[in-house]
Amino acid sequence: MDYLEFKIKCLEEFREILIAELSEIGFDSFLETEEGIEVYAPSDSFERAVFEEVINTYKAPAQITITEGQVAKVNWNEEWEKNYDPIAVDDLVYVRASFHPAQEGFKHEIVINPKMSFGTGHHATTFQMLRLQGEIDHQGKRVLDVGSGTGILAIMAHLLGANKVEAFDIDDWCVENGNENFALNNLSIQMGLGTIREVKPEGTYDIVLANINKNVLLDELEVYASLVKSGGNLLLSGFYTGDIADLMEVAEPLGFELVKTSEKNQWAALVLKKA
Ligand SMILES: C[S@@+](CC[C@H](N)C(=O)[O-])C[C@H]1O[C@@H](n2cnc3c(N)ncnc32)[C@H](O)[C@@H]1O
């Protein structure tokens with residue numbers, strides 16, 4: 001498959017926002033470089049007008065300049081290996097790839113070979129979700145991970161002692177990659193494919209994790225509400241701090257109370273409790 005390649009020079013504080021916006025419009029690989037980001041989209045499904053709309057929104061504040069190219073076939077594995085460093089979330093967990101050496105001094109270790117899936121721990125949303133998970137008792141709990149990506153949060157739940165973990169994603173590449181990561185971390189489950197309405201999880205859960213984006217969360221909150229046990233927790237991320245009020249406006253009438261707010265690089269993560 002041919003890919004369009006965009007080398008985007010921009011201010012550092014706009015990199016995460018641009019990656020998040022571009023991942024919503026069909027870009028499926030992202031590299032952070034010294035000067036900005038390199039992003040890739042399959043040529044056959046690329047929509048230039050939509051891309052330009054996103055870029056124009058950030059062009060002036062992020063001081064964007066772009067070089068466009070076309071690449072025949074990228075060796076994505078080589079690319080992410082060059083650009084992926086381990087990351088530590090406090091002393092809670094050390095997230096590394098299988099080609100990195102193990103590190104002592106952490107309560108847990110997660111091995112993630114992310115390839116093109118989202119969820120290495122580097123993004124502020126994933127980082128905060130991991131940290132918040134560490135503050136919640138998972139022992140013997142039933143946990144659902146919605147939009148699992150690499151499977152990183154499901155693996156964290158397993159390491160924190162969850163009794164049963166279920167995970168799914170709408171992207172079949174994530175499902176393939178997530179299942180590889182589950183095996184690498186001795187979690188013997190299979191990631192499901194689809195949205196929550198398609199997968200139709202049965203019963204109720206002590207903890208539901210959903211790091212997706214504002215629109216999906218607003219749309220799916222009522223389904224999460226039907227799946228979280230009374231007294232159970234819903235952990236949300238994938239939106240900016242300015243969006244918290246909009247999410248709580250929908251979540252509160254569904255029986256959720258805001259227990260904790262976390263913020264990092266303008267990205268928010270919330271712990272909600274079901275009445
Ligand atoms: C921001 S990433 C989070 C990945 C991982 N859970 C983490 O915390 O790093 C969001 C993931 O949700 C998936 N996704 C987007 N919309 C979805 C939906 N409606 N249902 C399930 N997964 C969805 C994407 O494919 C992507 O893998």
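Every residue gets a Cβ built from N, Cα and C, even glycine.
Take the CB of Gly147 (S-adenosyl-L-methionine binding site) and look out to 10 A: across all protein chains shown you find 25 other CB atoms. Annotation source TrEMBL lists S-adenosyl-L-methionine binding site at Thr126, Gly147, Asp169, Asn211.
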For Asn211 (S-adenosyl-L-methionine binding site), the number of other Cβ atoms found within 10 Å of its own Cβ: 27
